[in-house]
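Contents: one structure, followed by commentary.
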Amino acid sequence: MIFKYIQEPVLGSLFRSRDSLIYLNRSIDQMGWRLPPRTKPYWWLYYIWTLVVIVLVFIFIPYGLIMTGIKEFKNFTTTDLFTYVQVPVNTNASIMKGIIVLFMRRRFSRAQKMMDAMDIRCTKMEEKVQVHRAAALCNRVVVIYHCIYFGYLSMALTGALVIGKTPFCLYNPLVNPDDHFYLATAIESVTMAGIILANLILDVYPIIYVVVLRIHMELLSERIKTLRTDVEKGDDQHYAELVECVKDHKLIVEYGNTLRPMISATMFIQLLSVGLLLGLAAVSMQFYNTVMERVVSGVYTIAILSQTFPFCYVCEQLSSDCESLTNTLFHSKWIGAERRYRTTMLYFIHNVQQSILFTAGGIFPICLNTNIKMAKFAFSVVTIVNEMDLAEKLRRE
């Protein structure tokens with residue numbers, strides 16, 4: 001079953017936290033970013049595939065964009081110009097993020113081991129069902145992103161075929177689009193599909209890993225609510241349960257710290273580029289004459305918003321979860337407990353008050369407010385274009 005990992009929970013086949021990465025890992029495998037051990041048969045084929053992807057995505061596309069600017073810039077129409085300007089911004093941002101993730105990819109395996117450790121504490125059926133639903137949600141997110149991103153590629157390809165121009169104005173030294181239009185369009189679409197898939201992976205992975213973090217925060221909060229509620233248990237058992245909760249929180253914090261450097265670097269690049277991309281997309285709408293061009297631009301705008309808004313929303317929810325966990329811990333039944341329990345509880349409360357936050361480049365917090373501020377830059381781009389009367393000048397030319 002293709003969509004097995006987005007199904008509702010069924011007893012006997014519940015997902016683990018690690019299963020939230022199934023569809024993401026398949027995409028990573030397609031990009032050649034998970035090299036198999038050399039003990040596996042035909043490992044060298046995958047290494048060749050990885051090399052091909054690196055050459056196409058990280059070498060051919062930047063080269064093609066540079067050569068397009070050098071050779072074809074004087075022949076650009078206004079529509080071609082704004083199509084061309086948007087592609088290098090998004091592509092170069094994706095390449096920089098991809099390089100960062102490739103150098104830090106070992107953090108993924110460490111985080112997945114921590115997922116398994118957190119799952120060990122999920123002994124109740126209710127907890128396992130919640131983990132299953134979180135994993136299914138993460139896989140649904142990957143499917144939705146595929147629909148948005150490759151929907152844009154399909155629309156761009158359709159528009160190119162209707163208009164009679166290659167979709168991304170990418171220079172190809174081997175095939176002349178004027179002589180072999182369909183072949184050039186096919187090559188350009190396949191290579192851009194690689195950068196789009198890379199973009200998808202880089203935009204989705206923070207959402208999935210933080211959603212898993214959130215679900216284990218919620219499960220920890222539920223365990224804290226049950227502390228010292230069973231009158232049949234003795235002080236030693238109550239204390240042991242509290243210690244386990246402290247260990248759970250420590251593991252969750254360590255999980256967040258493992259991912260923070262990678263998320264911080266990639267989101268810094270993304271948040272800086274999203275405002276410029278939205279501004280260029282808004283300006284380009286003024287020059288598109290056909291309905292197809294405007295539809296493609298609209299789908300592209302949705303894809304740009306998908307790069308930052310969902311993760312900023314998840315981080316906003318994570319901040320609320322941290323506050324809720326602090327309140328839950330403070331209002332648990334610890335008053336009247338033995339001294340060692342109260343001492344450990346005070347230590348726990350102090351640590352829990354330090355929220356698990358993600359920042360972009362260690363400069364500004366990743367939240368909805370930051371996303372809105374970066375998106376406002378789009379209005380600045382439009383304002384500059386309008387004040388310079390650039391639209392009318394380009395139309396006259």
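Yeah, the Cβs are placed from backbone N, Cα and C, and that goes for glycine too.
Keep in mind that this is a model prediction, so the values were computed, not measured.
What Swiss-Prot says about this one:
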type	residues	note
CARBOHYD	Asn75	N-linked glycosylation site
TOPO_DOM	1-46	topological domain 'Cytoplasmic'
TOPO_DOM	68-83	topological domain 'Extracellular'
TOPO_DOM	105-142	topological domain 'Cytoplasmic'
TOPO_DOM	164-192	topological domain 'Extracellular'
TOPO_DOM	214-262	topological domain 'Cytoplasmic'
TOPO_DOM	284-294	topological domain 'Extracellular'
TOPO_DOM	316-347	topological domain 'Cytoplasmic'
TOPO_DOM	369-397	topological domain 'Extracellular'
TRANSMEM	47-67	transmembrane segment
TRANSMEM	84-104	transmembrane segment
TRANSMEM	143-163	transmembrane segment
TRANSMEM	193-213	transmembrane segment
TRANSMEM	263-283	transmembrane segment
TRANSMEM	295-315	transmembrane segment
TRANSMEM	348-368	transmembrane segment
- Spatial neighbours of the transmembrane segment (47-67) not adjacent in sequence (6+ beyond its ends, CB under 8 Å) are 31-33, 35, 84, 87-88, 91-92, 95, 98-99, 170-173, 191-192, 194-195, 198
- Note on the structure: Residues in the topological domain 'Cytoplasmic' (1-46) per DSSP class, helix first, strand next, coil last, are 22 helix, 0 strand, 24 coil
- Message: Within the same chain, where does the transmembrane segment (143-163) have neighbours whose Cβ lies under 8 angstroms from its own Cβ atoms, ignoring anything closer than 6 residues to its ends? I mean 6 or more beyond.
- Response: 3, 6, 23, 185, 189, 192-193, 196-197, 199-200, 203-204, 290, 292-293, 295-296, 299-300, 302-303, 306
- Task: Would you kindly list the residues that approach the transmembrane segment (263-283) from elsewhere in its chain, counting only those six or more residues past its ends and only Cβ-Cβ distances under 8 Å?
- Result: 82, 85-86, 89-90, 93, 96-97, 100-101, 104, 202-203, 206, 209-210, 297, 300-301, 304-305, 307-308, 311, 358-364, 366, 370-371, 374-382, 385, 391
- Message: Please report, as numbers and ranges, the same-chain residues at least 6 past the borders of the topological domain 'Cytoplasmic' (105-142) whose CB is under 8 Å from any CB of it.
- Response: 5-9, 14-24, 27, 33, 200, 204-205, 207-209, 211-212, 214-216, 218-219, 222-223, 244, 248, 251-252, 254-255, 258-259, 261-262, 310
- Note on the structure: Outside the topological domain 'Extracellular' (164-192), at least 6 residues beyond either end, the same-chain residues with a Cβ under 8 Å of its Cβ set are 56-57, 60-61, 63-68, 71-72, 76, 80, 83-84, 87, 153, 156-157
- For the topological domain 'Cytoplasmic' (214-262), what are the DSSP-based totals of helix, strand and coil residues? 40 helix, 0 strand, 9 coil
